[in-house]
Amino acid sequence: MLKQKKLRLVFVGLLLLLAAFYYPAIHFEYVWDDTLLFVGKTSLLTQPLSWQLLSEPVLPGTTYFRPLVFLSWYLEFNWLGQSSTTSHIIGLIIFYFNCCLVAVLAYILAAKFKPQYAARWALFAGGFYLLHPALIESSAWVSGRFDQLCTLFSLLAAVLLVKAQLQQQRIGFLSVFAISVCVMCALLSKELGLVLPAILLVLSFALYQQTENLSFVATLKRCLFEQKVLWLSLMVVLVMYFVLRANAMSSMYHASMTVDYIQNTIIKDWLPLHTLLFYLQQTFIPFSSTNILHPLDDWNFTGAVERLKAIMAGVFVLWIVWQAICKKSLAAWLSITALLSIALVLNFIPLATSGNIGHERFMTMGLAFVAVALVFVPYSHVLNQLKVRLHTQKLLVGIIVLVWFSICAITVKSIIPLWQSDYSLWKWTHKLHPEAGIARYNYFYGALKKRQYQEVIDEAEKYSKKHNGLEVADQLAYASALINQAKPEGLKYLEGAIYALPKFHESKAPDARRHADYFRITANQMAGAYSSYALGQMLFENDLEKSEKYLDIAEWYLLKDQKEMPNYQRSALLFAQGKYDKSEALYLETKLTSDKIKSEAYYVTGQVLKTYCERHPERQTICQKFKENTVFAK
């Protein structure tokens, strides 16, 4: 009873910490890839629930298979409506559960192997996890739900295994079933779940090693034999997962391993070692470079100092393995589980990380095991080796912990507000990485959403002056800003950008649309270029035929559930062509979807027609009809 009370106090403490640091997130908007991943995927609101709907690739042209997360969004949107506030609240609830599971795992292990102050150690582990700056990305960003849900089920499986094995050596059938369900749920949340069976095997082995005085081989045999039902069950789960994946995806993985990648990236540049170094740095000194971009271009792969640091990272891993096997260190085994959790993102295989060496969200699961591992580090033994007095030991450890947590708290408190909108997020990122194209374009895009047109124009012209021109994506944003300020020269920039774009829509190949997703800018961005040009032709040139042509091209690049905005633009075009009934019918049909997703895009039709009439008063009949129209929001 006393133990339960102590754990409840730990949970309350973690809840207070969460509220103190993450409360502002509930007021944040959908940002970054949220629109691409699910906000713009109106089928989650308009279509009936089906396996096909949930098992589609996360992004066109990829093989990311994560149906459980899409099920969570489907239920959320259809039961509670599509609201960024609701999505953020659910995300923070999952994050809180993960923090509690970290505390529970630490408490169970501490109660067995380090019983003094077990509750305090649980609070330490949970607090370390909650306040770690690397977790801002997966916690303050709605799309972080992939990592958060995968971590939730992974931690739940770990807690079930540890608790069951400590209570009875052979895990019972009910626990085996529960663990297997958790593993399947983790797999259906993110591919990271593939390492979970290995993590559970390491945890089980570590528990045997801590409780039995046997050799490494004897311990492994006992672990495999006594828990054979669990391992067989997990093998069945993996087979089931790959069957589901094979039926849903066009291939097992969308990127291919090439000889060039092996020779240059792995062997010559040591990218996996440098990536390991990156994640170790982000684990222990996260406040030094916490942001959403870590460009490969900023990393010196051939420098002597960087190579030495990469070698030291590799040696550190070997030392941990030695500590685990030879010294039977529980902290080392838990560290190995953390390393396993990042094994798939160490760049041994090509990753779609937009030119980054890694991302903090990939650490969501691993940091949970790091937090628990820190509980079992023999601090006294280390300090005794340094011949430090007991009183000084406590003072020194206290100061280090206080300083580290304080810096983390300040970092979290200062960075979280920057996730409020695309504008604030990417403006900050652009300041950190002014030469990164993805940061610059997304900053322009965020500014356009906030109608900061002059800011986009000023920044684009500043960049153009410095670099003697703009990238294609930047030209698109610059032209959009000019057009939105009713400056006809925006059309010239759009013409130049469109001329430079490959004409995927003219290809006769059946997979032409898929190739568009692998260009330097997304199919969505290309669609935006063509639709902006179509709008410009309508507003500035009154060339409705040309406007229709380019709007058709824009829609070719979009999936069915991405056409909300072009539909409203087409409605305005149809009205300007005198096709009033078709215009109103398309407007009302699209507005049904907009109402479901709480979008205000339906104002576009009225705004476009208003501007059109202001610039072309000679179209008296059309403009009078628009003035009398009661269907369009104005």
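Backbone N, Cα and C atoms are what each Cβ position is placed from, and that goes for glycine too.
The following features are taken from TrEMBL:
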TRANSMEM  7-26  transmembrane segment
TRANSMEM  89-110  transmembrane segment
TRANSMEM  117-136  transmembrane segment
TRANSMEM  142-162  transmembrane segment
TRANSMEM  171-189  transmembrane segment
TRANSMEM  195-217  transmembrane segment
TRANSMEM  229-248  transmembrane segment
TRANSMEM  308-325  transmembrane segment
TRANSMEM  332-350  transmembrane segment
TRANSMEM  362-383  transmembrane segment
TRANSMEM  395-419  transmembrane segment
Positions whose Cβ lies under 8 angstroms from the transmembrane segment (142-162), at least six residues beyond its ends: 30-34, 37-38, 58, 66, 68-69, 72-73, 84, 87-88, 90-91, 94-95, 97-98, 101-102, 104-105, 108-109, 171, 175, 178-179, 182-183, 185-186, 189-190, 192-193, 196, 199-200, 203-204, 207, 230, 341, 361-362, 364-365, 368
Contact yes or no, the transmembrane segment (117-136) and the transmembrane segment (332-350), 3+ Cβ pairs under 8 Å, gap 6+: no
Interface-richest range of 89-110, 195-217, 308-325 toward the transmembrane segment (332-350), CB pairs under 8 Å: 195-217
Sequence-remote partners of the transmembrane segment (195-217) [C-beta within less than 8 Å, at least six residues beyond its ends]: 113, 154, 157-158, 161-162, 165-166, 179, 183, 186-187, 223, 227, 230-231, 234-235, 237-238, 324-325, 328, 330, 333-334, 336-337, 340-341, 343-344, 369
Contact set, same chain, for the transmembrane segment (362-383): CB under 8 Å, 6 or more residues outside the stretch: 98, 101-102, 105-106, 109-110, 113-114, 121, 124-126, 128-129, 132, 134-135, 138, 144, 147-148, 150-151, 154-155, 192, 199, 279, 282-283, 329-332, 334-335, 337-339, 341-342, 345, 393, 396-397
Remote residues contacting the transmembrane segment (7-26) - C-beta distance under 8 A, at least 6 residues beyond either end: 85, 88-89, 91-92, 95-96, 99-100, 103-104, 107, 119, 122-123, 126-127, 130-131, 139-140, 409, 412-413, 416-417, 419-420
Tertiary contacts of the transmembrane segment (395-419) (same chain, 6+ residues out, Cβ under 8 Å): 21-22, 24-25, 28, 31, 127-128, 131-133, 136, 140-141, 286-287, 290, 379, 383, 388, 425, 428
